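See below for the structure under consideration.
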Amino acid sequence: MYSDFVSCCSSVLRASSLNTWTSFEISENNVNKGAEQIRPECFELLRVLGKGGYGKVFQVRKVSGATSGKIFAMKVLKKAMIVRNAKDTAHTKAERNILEEVKHPFIVDLIYAFQTGGKLYLILEYLSGGELFMQLEREGIFMEDTACFYLAEISMALGHLHQKGIIYRDLKPENIMLNNNGHVKLTDFGLCKESIHDGTVTHTFCGTIEYMAPEILMRSGHNRAVDWWSLGALMYDMLTGAPPFTGENRKKTIDKILKCKLNLPPYLTQEARDLLKKLLKRNASLRLGAGPGDASEVQVHPFFRHINWDDLLARKVEPPFKPFLQSADDVSQFDSKFTSQTPVDSPDDSTLSESANQVFLGFTYVAPSVLENVKEKFSFEPKRFVLSLIFSPPNLSAVYALLARFPVCSDPLCPPALKYRPDGFSFVDLKLNRYCLPFFI
């Protein structure tokens, strides 16, 4: 393989007609030199927290290396299930990328990401307060001051996502977690859409019907305003015990969302009624939050008049509910239907094709110190550089780890083409044997 690499490098250099170039070699022995290699064996399975169509979520304890003994949530996804559908593949990759990029007090933290031959692993902070859904189930409905607190924290998380061009698109009680102190954390970013800025729309039909905006149901094109409709639907659910439009079946629910009048219980305050009417506008352009102010338009509404937004962001405001927890690994706030099960991560016996594995290039986490070390090489006068990767089959973890931090070709079979990165570097993607290797120019 190394001879193939050198041969390819030579052809690239001849084509570029440059005499001066510098080569950097990174092998599986120094990609994470000085840092631990994260594998499934680094974690002890404690409890099952949930299950989905593509895998499970476990409560785990780190048993080696840094943060040994700490409790995390481990989301395990089966590659073979995901690659069957292009949308599922795109959503999975988007979730991993968003979790790494977005850091906010009210959004779940990604700690590690890695993969094996047949599975993807996301190690997330463990949110021992459980789902807001469970709390709402216990209470039936929330008082307005309780709902106001949760909605305010959620609005800050949504506003942060929107600033980064991300639409959340799946706001519902099940996707809102609480930490050990009772503060909100948005989770599950599988339905997010990236790169949606002013004037941009997308047409994907996705979400949970009861909380979906009319423009998604009509497939007429949607933008970040859909999240403010969902916030209104969530607010209605909190204050009344059910979403604003529900039917006997999926079709009737959709019909009600598109056509029926919004019924507001008489016990709601004028401020709550007004906010609900403005968030649940069928005309997205007239919806509160749809304007250039985005979250700030929502946050200045009189319903939130008692919120000190600086204190809220700093988590200085005491939550209305603080979970009673006896230990760091307490699972009392989770559904016993899952936590009573024996935690088993099924054997990783899947064998994916070469092209299927290429889909997940870049999923694995690599230590930032490695990236910084490489970046330092580019701090002097511009020259031509070749970044080479040496590894020993069949262990491709180093390949995935390295490419997690560098741009790779979205289509591994496309011809070499000069591309540009936001930081000013340009690069060429070339397909070498089993992966796209970036050449920095």
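Numbering starts at 1 and runs along the chain as it is shown here.
Including glycine, each Cβ sits where the backbone N, Cα and C put it.
Record features (TrEMBL):
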ACT_SITE  ASP170  active site, proton acceptor
BINDING   LEU49, GLY50, LYS51, GLY52, GLY53, TYR54, GLY55, LYS56, VAL57, LYS75  ATP binding site
DOMAIN    43-304  domain 'Protein kinase'
DOMAIN    305-375  domain 'AGC-kinase C-terminal'
Tertiary neighbours of LYS51 (ATP binding site) (same chain, Cβ under 8 Å, six or more apart): VAL57, PHE338
Residues satisfying Cβ distance under 8 Å from GLY55 (ATP binding site), sequence separation of at least 6: LYS75, VAL76, LEU77, LYS78, MET81, LYS119
DSSP state at ASP170 (active site, proton acceptor), helix/strand/coil: coil
DSSP-derived class (H/G/I helix, E/B strand, else coil) of LEU49 (ATP binding site): strand
Packing count at VAL57 (ATP binding site) (other Cβ atoms within 10 Å of its Cβ): 22
In the chain carrying LEU49 (ATP binding site), residues 6 or more apart in sequence that have Cβ under 8 angstroms from it: VAL57, PHE58, GLN59, ALA73, VAL331, PHE334, PHE338, THR339
Cβ packing number for ASP170 (active site, proton acceptor), 10 Å threshold: 21
Segment-level pLDDT (mean, integer) for the domain 'AGC-kinase C-terminal' (305-375): 79
